[in-house]
Amino acid sequence: MIEVKDLTFSYGKSKQTLHGIDFTVEKGEIFGFLGPNGSGKSTTQKILTGILKGHGGDVGLFGKDITKSYNQEFYQNIGVLFEYPYLYANLSGLDNLNYFISFYPKEQRQDIEVILERLEFKKDYIKKPVSSYSKGMRQRVSMARALMTSPKLLFLDEPTSGLDPAGAVLFRNIIEEERKKGTTVFLTTHNMLDADLLCDRVAFIVNGSIAVVDTPKNLKEENSNQKIVIDYMLKDKREKKIIKACELTQGILFPHDEIVSIHSQEPSLEDVFIQYTGRGLS
Amino acid sequence: MEYSFISLLKKDFKMMLSSKFLLLIVASLILYSLYINLVYIKIDQDIYPVYLLDPEESIQNASSQIIRVDNIKELQSRTSDGYAVGIDATGLEPEIIMVSSGLDSMDNIRTAYAYSLLSPGQSTPAEVIGQNSKEMKNRREITSEFLFFELAAVGFLGLASALFKEKHMGVIRVHGVMPVSKSLFIFSKLVLFLLTDLAFAFLLTIINLGLEKGISVLPAVLVQTILLSLIMALLGFLCAVRLPDFKQFSLLYLVLAIFITTPVFLVGQTSITWNWVNYNPMYHLFMAIKNAYFGMPTDEPIYYIVCVVSIVSLFMLAYKALTHEMAKEG
């Protein structure tokens, strides 16, 4: 679906933002693009969506070189959720969506009210101006805009930003459902939980270069010390013991009265990110 | 493509309604028309009153417009306003008594006029230029000024303020990833503001010149309206996209109003002569509108070529600026 080879980009002559990045995204895959502010995430997404021109290297989307494929048909096949919910504040959510959907062919359009219901949008607000919406409601309308045209490729920038925990879970479920329908998702985020729960593979980008591309599971396993922490009670006293994961197959052999908890020492995706890049995401 | 254009047009119309721009246009139309009909056409001063001190009644065939006074004190008092002219005929030669207006040319005209009333039979008849009554001349003059002001200032501000709103809401960027052409995005705004300006020009002309006179100048006026409206709307578009905030835009607006448009009004409507104003493009646009109202539309091809080239160039610059805005960070 997406093929990027030796991608470079400079803002002006002296400010090189991307230093030859390579990655591929398969059809129906959720690909996470993770990096701190200023790392080149947004620049890459803008190149892929055709907003920024003048890149170096090869970029292919839908099996075509992007320099030749930015046309009406290309834009009909993608859906984009921006980091901020850009909407006409003086129009209602419904008017916004009716306006944006009008640029797409009729056979591609979905029922707006069904999508808003799927996103658990409050019905009372559907005809009220966007200026009266909370951030979460605006994010729902923006997500509806990205989904309402049945895109083959979805670009999602911080999709759960501004949502409460229940809203974040709902959005993750919807993204998962989209993937099941065969939609490819390019997810740009700071949120390691989203990346960990949703992405088939993630790329860590720092200072315009990709440090690693792999599945979250592999990344965590490869960087794990393979140890397990066991908390237990012995003679009314709480004790802690660290053992190798492989030792657990033989059972818990040390003396104990009661096991309180067992925790693997697998690193979080953020720990792995710091290990690879030497810096955090925020 | 046609459907996209209609959608853009509908959205821009809603934006225009919500910004109360149409209300401003209607209010301007009412205000201008009331001013023209109730004030402007009635404010012309009477011709200089001329007072004559001639106790011996030595001047027999003076014009009936001359007002005779009895003594020098009265003559001095009547001519103390800097407008009236006095003639003291107590000596061998009649002598002019007046307070200077401050302009030599004006004082000379007042003097010549006063002398002409002493012997009215010898006056050379004035050549009549054009067929306008004084009132119609005033109507054409002030209507052309108001139309120019409306197109140059209010039209420019209208499109720019609508676009600033879209820019502030970030929705311009959304259009960058949709199957809609950037040219259509600009074009729909131009069409909407052009239609508004044309309707305004039509109504302003008919209301203030009357149906018959208005219709006779309307084709030429509408042609000039199209040219000025497109140029100003594109300038407004360009400024709104390129300038970071409304404060900077306001400053530019002030510069445009004071340093570019004011000299145009001064040279076009008063006796002030500045040769350098020929290098101000707004002067030519103003004169073209004024000439259209006086039934003498500009027929120089170079004027129209320059206007069309300017519109095309501004459109291309606006397209480039829009592309740049779409790629900006949030």
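Just so it is clear, glycine is given a Cβ too, placed from its N, Cα and C backbone atoms.
Taken from TrEMBL, the feature transmembrane segment covers B:21-43 (among others).
The feature domain 'ABC-2 type transporter transmembrane' is assigned by TrEMBL to B:21-318.
For the transmembrane segment (B:146-164), the list of distant contacts is 12, 15-16, 19, 21, 24-25, 28, 32, 36, 189, 193, 196-197, 200-201, 204-205, 221, 225, 228-229, 232-233, 235-237, 239-241, 246, 249, 253, 256-257, 261, 264, 282, 285-286, 289-290: same-chain residues at least six beyond its ends, Cβ to Cβ under 8 Å. Under the heading transmembrane segment, TrEMBL lists B:146-164 (among others).
What TrEMBL lists as transmembrane segment is B:184-211 (among others).
What TrEMBL records for B:217-239 (among others) is transmembrane segment.
With a threshold of 8 Å between CB atoms, the same-chain residues lying at least 6 positions outside the transmembrane segment (B:251-277) that come near it are 105, 141, 145, 148-149, 152-153, 156-157, 239, 243, 283, 286-287, 290. Residues or ranges marked as transmembrane segment in TrEMBL: B:251-277 (among others).
Residues 172, 182-183, 185-186, 227, 230-231, 234-235, 237-238, 241-242, 281, 284-285, 288 of the same chain, all 6+ positions outside the transmembrane segment (B:302-322), place their C-beta atoms under 8 angstroms from a C-beta of that stretch. Summarising the annotation, TrEMBL assigns transmembrane segment to B:302-322 (among others).
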